[in-house]
Amino acid sequence: MALYSAAAAVLAGLERGEGGLKSLVYNSGFPRVRQLYALVSETLRYASLLEKLLDGAALLQAEKKLAPQLAKVLVYDLLFGKGLKCGGRWKALAQRHRARLEAELARMKVRHKVSRNEDLLASEKAVSTTASRVPRYVRVNTLKTCVDDVIDFFKCQGYAYLGKATSVEELKTLSGKKFLLDLHLPELLVFPSQTDLHDNLLYTSGHIILQDKASCLPAFLLGPVAGSHVIDACAAPGNKTSHLAAILKNKGQIFAFDVDPKRVATMNTLLTRAGVTGCQLVQQDFLTVDPRDPKYSRVTHILLDPSCSGSGMVTRGPGEEVAPSAERLQALAGFQCRILNHALSFPALQRLVYSTCSLHREENEDVVQAVLQEWGLAFRLVTAFPSWPCRGLMAFSGAESCLRASPTETLTHGFFVAVLERSLPAAAKNPQPGEGTEPGAATKKRKKKKQRVKE
């Protein structure tokens, strides 16, 4: 049963946008990763069929305590795999509904005029090619090594280094055992999309991190200097946290929050392997953290990557790209506004990065606009990465300061990033949302400060 529970957990993580398939599998803690990866991959491949089978057989209505993700992996192995590999109540449950599931499968084959499962799958949905366009990005972990040494290591393994990329178009030409240095991020290497490095010594030893380019943007743009105190508000699985630690050179303090104990344990494993020190893992809902707690009095930087629809994730496998309902988007946006407002209330905060792996304006530009309006002149949008080609949607004046990423334009996951900075001098009052500030007050204080310097 451990295999099916682990597979269901990976599916749930994919739906929450917590990472890609391989990273979630390899960080799951399940000992037989190849077996787990195969089961999840095949379940995803049959996902659209499985959802229709579950609906047609009314399995979830009959078994209200059965999680949809667990139902999918059980039904996959029952009908399309090599048979259930578990005993106990879950096997009994699956066998109890087997006749109805098989009857529904037979009806689907008749409707599509096919006899084989593979033919049914092909007629139901063509396999998406979006993920195959996104290269394999490899972030060099500078806590343990440097870019030149990693390049030399890959050369010794038979890879051909082609130098620094000059355009996004050049990344599309990668094939075989060739790789490039990314044109935007200085510690990112780019390999062909199907390159699998999970068994590579550099990965297993923590010298490299397999992380999509777009996911590297938040920590890179936050850019805290060594010695800073930083909060990673929604930190699991920990890739961005380890990136922050590398930028800080393990000097300073990171507070990494996540409410789920299993995700915190996974994060601890990843950060330990990456050689991260000076990071305090906190199993707590960030919304319940008191910004006035003295331990956070020196926090000047916050990375906020909250739960979202995950609609920008492109390597999750076929059958997972289901558009969220308007009600779901509204609920997510409400949560995102609350948590962004909360993050801005930390008294010493100077710079914050808000990011999502969502494509929806409701979770991105609309959230930023609503929160900035609540805070008046206290915070301002900074133009993030001016040379980045894909900008925010023109939802409000200044939204072009935000940036977006997409498989078609930037060869990455779909992503959104906004950089906010405090616009008042450090000595000024820290207003709360809705208080606002006197127009021109910050300018007047800056002028006074300049006059004193001249004297």
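Any Cβ shown, glycine's included, is placed from N, Cα and C.
Whatever TrEMBL says is automated annotation, not expert-curated.
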Where TrEMBL places coiled coil among the ranges 91-118, 119-146, 175-202: 91-118
Spatial neighbours, same chain, of D285 (S-adenosyl-L-methionine binding site) - Cβ under 8 Å, 6+ residues apart: F257, V259
Per-residue pLDDT averaged over the coiled coil (91-118), given as an integer: 84
Integer Cα-Cα distance in angstrom, G238 (S-adenosyl-L-methionine binding site) to C357 (active site, nucleophile): 15
Integer Å distance between the CA atoms belonging to C357 (active site, nucleophile) and C234 (S-adenosyl-L-methionine binding site): 13
Set of same-chain residues at least 6 away whose C-beta sits under 8 angstroms from K240 (S-adenosyl-L-methionine binding site): S215, P218, A219, D232, L303, D305
Alpha-carbon distance [A236 (S-adenosyl-L-methionine binding site); C357 (active site, nucleophile)] in Å: 14
Residue among the binding-site residues C234, A236 whose Cβ has the most other Cβ atoms within 10 Å: A236
